[in-house]
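Q: Found this in Swiss-Prot, in case it helps:
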ACT_SITE  D108  active site
ACT_SITE  D294  active site
BINDING   D108, T109, G110, G161, D162, D294, S295, G296, T297, T298  pepstatin A binding site
BINDING   E268  Zn(2+) binding site
DISULFID  C123-C135  disulfide bond
DISULFID  C332-C370  disulfide bond
DOMAIN    90-404  domain 'Peptidase A1'
SIGNAL    1-18  signal peptide
Amino acid sequence: MFLKNILSVLAFALLIDAAPVKRSPGFVTLDFNVKRSLVDPDDPTVEAKRSPLFLEFTPSEFPVDETGRDGDVDKRGPVAVTLHNEAITYTADITVGSDNQKLNVIVDTGSSDLWIPDSNVICIPKWRGDKGDFCKSAGSYSPASSRTSQNLNTRFDIKYGDGSYAKGKLYKDTVGIGGVSVRDQLFANVWSTSARKGILGIGFQSGEATEFDYDNLPISLRNQGIIGKAAYSLYLNSAEASTGQIIFGGIDKAKYSGSLVDLPITSEKKLTVGLRSVNVRGRNVDANTNVLLDSGTTISYFTRSIVRNILYAIGAQMKFDSAGNKVYVADCKTSGTIDFQFGNNLKISVPVSEFLFQTYYTSGKPFPKCEVRIRESEDNILGDNFLRSAYVVYNLDDKKISMAPVKYTSESDIVAIN
């Protein structure tokens, strides 16, 4: 999850709940299922929390049919267009404690701490639709009911890029994931949060929000002999798919084309690699920068110069929504790819359509202009709309990330990472 203030968008989220897991020697596999629910989990703006967002177009800014009309709109006046955006979160079922208390948590490569809501947590409403005990609807933790619970009497405090936060105390207890049990796992038991569910951060130890480094889940899985390396692979599948997969300690060789290409991680705290250039429909943009590969971020973020070149290449135009936020739109039929060139001659090609999202007339009919799902930021982040086109292996031990073009298939050929 992007740990920096960013402009986010009103969202229909795709909540991905962990399906039954398969356990194999040397690795732990979790399969994810996709379902839609109306939330706006990445929206820090007050206006977006209160009402839907709109764009206004004049008739000259969109095509009309032979009669001079396009369903609901007259050529003589402007038209309001509703913004509906999707966010994707990847969640897994875990158990905590000797009594196997069940919780569902977001799996996040952009952070490093596991935290879960206490059974008496105070849920602080932040987004539209947050009511009652919304923050523990996916489960909560009762230390008193677990014989193996240990209160470390150390405070925990974390804040995410969308403005959500979690506060509590550090505990140790048994954590079950993917059919295995991790003993004495350190995590935060949270008594106050504005987030909708707990988060399982699986990044570097140095990225932990605590004042000291500890063994987070990937490290514990390795140290307790469950996996051979503190590493995991991520397969998000296609945008239309209903399943995805993360494998701790393993790689599915059936899920990518060609060979995996190793890239050194360029940060001590974040899972970043070097990006050399971006080619947009034949227009090359020098990047020479580091990018974070973040499963907890739905869209992608770049510095201003990269964003402007991408927008120009796809013919985007700037608009302002009803809350005053800057929005870029482009023809929904824009074809071609955006090619990301990394070191060691690795190229990942992403369809332009991955960076476009449908807008709608207020009647619900699709509008011919789509929102461009790229944002300006001081940091460069490749989110889910990039990661769906790549098979990514995060190796925390060897400080490298390996990637290859994704292959969408139901076939499987899993090997352990040694």
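Every residue gets a Cβ built from N, Cα and C, even glycine.
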Q: If you count Cβ atoms within 10 Å of the Cβ of G110 (pepstatin A binding site), leaving out that atom itself, what do you get?
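A: Other Cβ atoms found within 10 Å: 24.
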Q: State the three-class DSSP label for C135 (disulfide bond), counting H, G and I as helix, E and B as strand, and everything else as coil.
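A: It is helical.
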Q: Around C332 (disulfide bond), how many other CB atoms lie within 10 A of its CB?
A: 16
Q: Just to verify a number: CA distance, C135 (disulfide bond) to D162 (pepstatin A binding site), in angstrom, no decimals.
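A: Given the Cα positions, C135 (disulfide bond) is 16 Å from D162 (pepstatin A binding site).
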Q: Quick check on the binding-site residues S295, T297: which one has the highest count of other Cβ atoms within 10 Å of its Cβ?
A: T297
Q: Looking at the recorded positions listed here (D108, G110, S295, T297), whose Cα lies nearest to that of C370 (disulfide bond)?
A: T297
Q: How does the model score the domain 'Peptidase A1' (90-404) in terms of mean pLDDT?
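A: In the predicted model, the domain 'Peptidase A1' (90-404) has a mean pLDDT of 93.
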Q: Give me the Cα-Cα distance between C123 (disulfide bond) and D108 (active site), rounded to a whole Å.
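A: With distance taken Cα to Cα, D108 (active site) is 21 Å from C123 (disulfide bond).
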Q: Mind telling me which of the binding-site residues D162, E268 has the densest Cβ neighbourhood, counting other Cβ atoms within 10 Å?
A: D162
Q: If you compare CA-to-CA distances from T297 (pepstatin A binding site) to each of the recorded positions D108, E268, C332, which comes out shortest?
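A: Its closest listed neighbour, by Cα, is D108.
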Q: Nearest to G110 (pepstatin A binding site) by Cα distance: which of the recorded positions E268, D294, C332 is it?
A: D294
